[in-house]
Amino acid sequence: MVLYIMCSLALAFLNPVLVLGGMNVTRPNILLLLMDDMGWGDLGVFGEPSRETPNLDKMASEGMLFPNFYTANPLCSPSRAALLTGRLPIRNGFFTTNSHARNAYTPQEIVGGISDSEILFPELLKKAGYINKIIGKWHLGHRPSYHPLRHGFDEWFGSPNCHFGPYDNKQIPNIPLYRDWNMVGRYYEEFNINHKTGESNLTQIYLQEALEFIYSQAVAQQPFFLYWSIDATHAPVYASRPFLGTSNRGLYGDAVREIDFSIGKILNLLNLTGIAKDTFVFFTSDNGAALISAPMQGGSNGPFLCGKQTTFEGGMRVPGIAWWPGHVAPGQVSYQLGSIMDLFTTSLSLAGLEIPRDRAIDGIDLSPVILESKETERPIFYYRGNELMAVRLGQHKAHYWTWSNSWEELSQGINFCPGQNITGVTTHMQVEHSINPLLFHLGRDPGEKYSISVLSTEYEDAVNRISYVVQQHRDSMVPGEPQLNVCDLAVMNWSPHGCEKLGKCLTPPQSNPWKCVWPH
């Protein structure tokens with residue numbers, strides 16, 4: 001694959017017909033770089049002391065940095081569903097009603113997935129002539145009806161689930177990887193991850209998939225959408241051999257360095273093929289760093305409180321970088337409140353497509369911000385499962401519920417806020433604050449340590465403004481059908497499509513569905 005790319009680029013310089021630079025800029029290519037559990041504080045541009053992300057830092061210096069960018073949920077599957085639908089998980093069905101305010105996702109035993117009633121923006125791009133590819137983790141359901149090629153993508157190389165394992169293929173099957181419709185192997189079999197050393201070449205495979213796809217579309221002068229959704233920074237963390245031991249931050253840092261290297265290669269190819277000015281690129285993460293896995297298997301959320309699984313800033317504020325040479329002026333920093341759901345609306349807007357009008361869309365169009373530096377006031381809603389936990393408006397954030405995780409889990413060593421116990425804030429019971437929300441000013445207090453007095457004028461003014469937004473939101477909210485309530489061992493990855501050719505079909509157990517238990 002590497003030889004293919006090198007030869008292709010050599011031909012491009014010899015044959016000026018292959019160096020494009022003249023594609024239709026009214027329909028730019030769209031490239032979303034979605035990381036897995038990478039924290040706000042993992043980038044040098046946000047102050048990470050080791051400064052081991054030179055390519056991402058350069059990307060920020062050449063484009064627009066978003067310090068106030070958010071995911072739609074502090075967990076993987078719901079945030080990805082929100083990105084592709086432009087809708088909060090409470091609307092698109094990626095939540096559970098089995099228990100109050102519980103995070104849920106799509107492990108192998110989940111029965112549900114992305115509903116056919118949801119519109120994913122690659123579906124709309126495809127109708128407009130785009131070729132769409134996903135590389136890496138899908139995580140919106142692994143059963144055939146949820147396959148990404150049924151939801152707007154033309155190509156796929158990656159996996160439907162996290163890279164957990166290895167399993168015995170008797171009680172639990174190892175998780176498959178697909179090329180398009182067919183399984184091409186399983187984690188820990190054809191695609192190994194060495195838990196002892198952390199070695200795996202998966203990021204390099206995903207990089208070559210991206211380079212080949214970009215180059216082939218550039219040659220064809222074909223508008224494309226590439227969703228590069230890699231997972232090296234999700235525990236168990238991995239990196240390829242050349243990067244192992246190269247970071248001051250241990251194995252997690254090795255993985256970050258390899259991702260940074262890979263993104264540098266991708267952006268360089270866009271420049272070499274002459275399509276950088278025709279390609280809108282956005283870098284972000286699905287949720288905050290998993291502090292429960294830190295420091296060897298988890299990242300940094302900078303100055304923010306707690307991490308993945310929580311609706312404190314560390315769980316939901318994520319890095320955001322927009323890059324589009326010739327369109328996004330270099331060296332910009334926007335303090336616009338942005339959301340991963342905005343990538344749905346912004347991508348369609350840049351492609352000149354209408355936003356669906358038959359449903360509520362929570363993402364806003366960031367193109368005026370990115371292209372003209374025009375900012376607008378909007379709220380950020382922090383959901384955990386089926387509960388609205390907090391709301392940010394301007395610099396103020398009001399908590400209507402607080403919860404990190406249970407005392408029972410904490411006693412077992414499960415801690416989403418290690419070293420960050422704040423009395424009355426990082427509670428280990430679900431505590432409601434609806435009458436007097438806990439209020440913080442995130443400009444003065446990004447760590448959510450010093451709640452504003454309920455007796456102050458600032459509190460009264462800010463809570464009145466936020467309460468009005470909350471009431472409007474609740475009055476118009478129509479929850480979707482929850483997709484993450486039912487589990488069944490029979491639906492696991494026993495016999496994925498294509499397993500016959502590989503001789504890797506496994507016999508599923510008898511169906512015996514149960515109500516999924518989500519502990520946090």
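Just so you know, glycine gets a Cβ as well, placed from its N, Cα and C.
Keep in mind that what you see is a predicted model, and the values were worked out from it rather than measured.
The feature active site, nucleophile is assigned by TrEMBL to Cys76. Around Cys76 (active site, nucleophile), taking its Cβ as the centre, 24 other Cβ atoms fall within 10 Å, counting all chains.
Taken from TrEMBL, the feature active site applies to His139. Counting only same-chain residues six or more apart in sequence, the Cβ atoms lying under 8 angstroms from the Cβ of His139 (active site) belong to Cys76, Ser77, Arg80, Tyr105, Thr106, Pro160, Asn161, Cys162.
TrEMBL lists Asp36, Asp37, Cys76, Asp286, Asn287 with the feature Ca(2+) binding site.
According to TrEMBL, the domain 'Sulfatase N-terminal' annotation covers 28-352.
Residues or ranges marked as N-linked glycosylation site by TrEMBL: Asn201. Cβ environment of Asn201 (N-linked glycosylation site): Ser240, Arg241 lie under 8 Å away, each six or more residues apart in the same chain.
Taken from TrEMBL, the feature 3-oxoalanine (Cys) applies to Cys76.
The annotation signal peptide is assigned in TrEMBL to 1-21.
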Practice item. Report the mean pLDDT of the predicted model across the domain 'Sulfatase N-terminal' (28-352), rounded to a whole number. Key: 98
Revision key, fill the gap. Filtered by Cβ under 8 Å and at least 6 apart in sequence, the residues in the chain of Asp37 (Ca(2+) binding site) near it are Cys76, Thr233, His234, Ala235, Ser285, Asp286, Asn287, Gly288, Ala289, Ala290, Ser293, Gly298, Gly299, Lys308
Check your understanding: So of Asp36, Asp286, which of the binding-site residues has the fewest other Cβ atoms within 10 Å around its own Cβ?
Key -> Asp36
